[in-house]
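Under the heading domain 'CBS', TrEMBL lists 167-225. The feature NAD(+) binding site is assigned by TrEMBL to Asp261, Ser262, Ser263, Gly312, Val313, Gly314. What TrEMBL records for Gly314, Gly316, Cys319 is K(+) binding site.
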Amino acid sequence: MAQYLNETSRTFSEYLLIPGLTTKDCVPNKVSLKTPLTKFNKGEVSDIELNVPFVSAIMQSVSDDNMAIALAKNGGLSFIFGSQSIEEQTEMIRKVKNHKSGFVISTANLTEEHTLKDVILLKGKTGHSTIAITDNGKAEGKLLGIVTSRDYRVTNDSLDKKVKEFMTPFSNLVTAELGISLKEANDIIWEHKLNSLPVIDENNNFKFFVFRKDYDNHKDNPLELSDYQKKLIVGAGINTRDYKERVPALVEAGADVLCIDSSDGFSEWQKETLEYIKSKFGEKVKVGAGNVVDKEGFLYLVEAGADFIKVGVGGGSICITRETKGIGRGQATALIEVADARDEYFKETGVYIPICSDGGIAQDYHMVLALAMGADFLMMGRYFARFDESPTRKLMVGGNYVKEYWGEGSNRARNWQRYDMGDTADGLKFEEGVDSYVPYAGTLKDNLAVTVGKIKSTMCSCGTISIALLKEKAKITLVSSVSIVEGGAHDVIVKE
Ligand code: IMP
């Protein structure tokens, strides 16, 4: 007979935190959000600790090199999506590892044969008003000039006008040579009153832009997540099919941590993948596994060698797994059970396995709840997809700016490995995710600052200044649907 669980599967919106005693030294600027990413033994610390408890989802529409750079600078980490060729993925990893603060690889590039119309379209698509003009229209081509909004007047110029007729040509540009320091670049920017300084190599190949507006930002990233060589830390998604080729290539490219990406991780394929990685590379290659939603799944992957475990099936904003397959569990219920299993495992073995709550965070307060329920860090897709740094198009829909956001299980991503069921994987014909828009929200840095501020403030209300203390001391209560109404503005006419 089937086993029935005597529970209601619950999610974050059904819970609230009860304030604890806030002592006078419990103030937001004393709160630390440092948290372990990978397993460690009692009395030791994790080899990788995040400075904010967030990682960006292993998705085409969320985590490319650009997102990874922005998030690592702000203390979190991206897992670059694996649903692309090994070459493309390792190239993204290399770009993050080779990133030098303030030196930006241009993402808006055209040739001199393009037109003003192309410039305007590209500006709309990327949001960048400084466009590099190179011989091949790529970031690494020979630099021929730049176009900024000062070079054209949309009202006066024909849209067919060729870029070469109005760009600022190379001969009129102030440029710097590769090898220059950020400080020196900034001095040139100030001396010549520039907005951007192109950096080129000895053959005039374009390498980077240094922007005036960035300098202050770059001086000021106290939470930056970097390795012992001061290179940014980055993760990569892998699958249970081509891992024998993909993992060595990612390790060689410098990926700091890997994560098996699957909607249902409680499988022999994940075990085999973990065992292969640990036998070939030992403990020096860190790899997370999942997703699971109960103790059994957790223990299975831990025993196979996982360095952290991802929790969640069916809770993602773009996810329709529960509707199509009827599998899943309320995110809060899943998390509470797995966190309990993790604590028990720690007590018995002295090995702490961090857990990641993946998907379903719809409000900032859900983040604190997830941490209080035992998550060490959170994986989010929708949250990050809204920012300038996500890889998707920004569009105007119904008078509002939006960004595109699609699931890995949608026809658009075609990441069927994520839904690998062995011999049927190639034949999988149904979608488990949708293609959608999310409201555009601005820069990662600005949004993260607000979110982190809210989390710290809630933690202080709970009388805690660290995530470990929050887990220990939080008092959590279930809410009725009536009390949820009470929680919003009610019985008043809210002014528009
Ligand atoms: P979100 O933060 O609620 O948007 O959820 C993001 C999470 O949804 C990801 O980290 C994945 O675990 C999951 N996910 C990504 N793509 C799909 C999909 O197509 N179907 C189901 N789940 C998905």
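Using N, Cα and C of the backbone, Cβ positions are placed for all residues, glycine too.
Mapped onto this structure are the features recorded in TrEMBL.
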| residue | record | Cβ contacts under 8 Å, 6 or more apart |
| --- | --- | --- |
| Asp261 | NAD(+) binding site | Ile58, Phe79, Phe81, Gly82, Gly237, Ile238, Asn239, Glu408, Asn415, Arg418 |
| Ser263 | NAD(+) binding site | Asn291, Val313, Cys319, Thr321, Gly409, Arg418, Tyr419, Glu432 |
| Gly312 | NAD(+) binding site | Gly290, Asn291, Val293, Gln331, Ala334, Leu335, Ser357, Asp358, Gly359, Gly360 |
| Gly314 | NAD(+) binding site | Thr321, Arg322, Ile327, Gly328, Arg329 |
| Gly316 | K(+) binding site | Ala57, Asp358, Gly359, Gly360, Gly381, Arg382, Gly407, Gly433 |
If you count other Cβ atoms within 10 Å of each one's Cβ, which of the binding-site residues Val313, Cys319 has the most?
Val313
Listed binding-site residues are Asp261, Gly316, Cys319; which sit with C-beta under 6 angstroms of ligand 1?
Gly316, Cys319
Can you count the other CB atoms that lie within 10 A of the CB of Ser262 (NAD(+) binding site)?
27
So, by DSSP, how many helix, strand and coil residues make up the domain 'CBS' (167-225)?
21 helix, 16 strand, 22 coil
Starting from the NAD(+) site formed by Asp261, Ser262, Ser263, Gly312, Val313, Gly314, give every other residue of that chain whose CB sits within 8 Å of the mean position of their CB atoms, in sequence order.
Asp264, Gly265, Gly290, Asn291, Lys310, Gly316, Cys319, Thr321, Asp358, Gly359, Arg418
Taking residues Asp261, Ser262, Ser263, Gly312, Val313, Gly314, which bind NAD(+) in the record, the widest Cα spacing (Å, whole number):
14
Going by DSSP, give the three-state secondary structure for Cys319 (K(+) binding site).
strand
For Ser263 (NAD(+) binding site), name the DSSP secondary structure in the helix/strand/coil scheme.
coil
Report the mean pLDDT of the predicted model across the domain 'CBS' (167-225), rounded to a whole number.
88
